[in-house]
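Q: First the structure, which I've put down as structure tokens, then a few questions once you've had a look.
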Amino acid sequence: MRYENIKPDNTTLLMILRASSAVVSSCKIGELFHCQILKLGFGFDLFLQTGLLDFYSKVGDLGSAKLLFDEMSERDVVACNELFDRMGSLRNTVTWNTMISGYVQQKEFGRAISAFQLMQVEKMKPTVETMVSLLSACAHLGALDMGNWIHAYIRRKNIKSDVYLGNALVDMYCKCGCLESALDVFHGLSSKNVFCWSSIIVGLGMHGYGKEAIDAFVEMTKDGMKPDRVIFIGLLSGCSHSGLVSEGRHYFSQMLGVYGVQPGIEHYGCMVDLLGRYGFLAEALELIWSMPMTPNAVVWGSLLRACQIHKDTKLSEQVTKHLLELDPFDGGNYVFLSNIYASVNRWNDVETCRKVMADRGICKIPGCSSIEVGNVVHEFLAGDASHPQFIQITKFLDEVVKKLRRMGHKPDMEYVLHDINEEEKEASIRYHSEKIAVAFGLMSTPEGKSIRVVKNLRACGDCHSFMKLISKLFDRLIIVRDRNRFHHFRDGSCSCKDYW
């Protein structure tokens, strides 16, 4: 092939590499082949990098394997496992840290925590970098119990804390719904960089404390810290979640002139969300058309959500056209439009949306909710009955629904996208994933213990009403993190003041 001056592609190289790793025992040949891969311009091909990692591991050249792993542009789970398994008795703190950080980068957060638990069994001492990666995993999972354990471990083992570890703790507590602990850690930091301020401002905004986010912003600027783009996203988002329209307008107008931060498309998206939520749909649309950049799907999506809240069917149809031009295969856009049609009983239009989705092979993203009980994260997927306690959970949930009905609660059928009878509608919304997760939490935790649930989608109105009543019925604090914000349900009311 080389004599004929034919350049091999990455698929050919991968086949040769796999064949060589099965029969060749010399690392010298592997190094020569590695050089050829680099010369041919495939040095950053993930599949070839993983194949080389496998080759070096099999011939026992773990030094080259580790070096290659560190240089990989992307680290997938296969690469992490390959390096880790081959290291065997040579595994050290650096290896463990590399693997844990690799899992986190690949969003395999559960694997990262499991790896840390194995690390404890092998009596390996973690580094600050290990702790930062683990806290990031806990933050994404909403695993507060594990996050608390790691924080206690840091104190117990006297692991030297720096500003990055402190920021990781603040971020973890914010994203796990424990704002009080986040503030305690934040105020206890001896020094704060822009990332620490960003974490606390974003956290306050996510929890609906817009005024407190503004106070933190003012305090930060008084300390001489210059805000960046991320901080303004958190600030404007906090204004949106708290209905602080005039404050949001004020800070948005000052971004460039006062703070020297050029508003980006994310900031325009926050303002569209803020104006739309409060009912200023025409102003939000005007802002979109005045943007110095082309509006993306996120910006149009914010306006579509506002149309759903305020039941503006005409504008929602216009917005959906723009969204479908940008991303015709995003099922969420069709679902939003269907929700709006269903709310005004336009069932033929709902059916049209469903038919278009079916014809194009577009699927609705299923609701998925998770809850941590006893340091184990349990995940519940809409329509999935695979959890070992699913039957007990649904029986418990059925009893809860009966109690709520006796209290006068009626399910909100507006969120059912089918023209069916009332009984069928009620059944279709009873087993939403967050309801199942909360029911499991009520069954599995002591009385009085707070329940924390993480949901991948925006909470629907019926589930929101359900959580308020459950918090009062069982006298529990229920914290739900959906894709937009945190909801703290206590004694029959929500921290969002029904504004989400």
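Glycine is treated like the rest: Cβ placed from N, Cα and C.
Per TrEMBL, repeat 'PPR' is recorded for 92-126, 193-227. According to TrEMBL, the domain 'DYW' annotation covers 408-500.
Structural setting of the listed features?
A: Per DSSP, the secondary structure of the repeat 'PPR' (92-126) breaks down as 26 helix, 0 strand, 9 coil.
Sequence-distant contacts of the repeat 'PPR' (193-227) (same chain, at least 6 residues past either end, Cβ-Cβ under 8 Å): 163-164, 166-167, 170-171, 173-175, 177, 179, 182-183, 186, 233-235, 237-244, 247, 251, 259-261, 481, 485-486, 488, 495-497.
Sorting the domain 'DYW' (408-500) by DSSP state (H, G, I as helix; E, B as strand; all else coil) yields 37 helix, 16 strand, 40 coil.
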Q: Just to confirm my parser: what is the rounded mean pLDDT across the repeat 'PPR' (92-126)?
A: 78
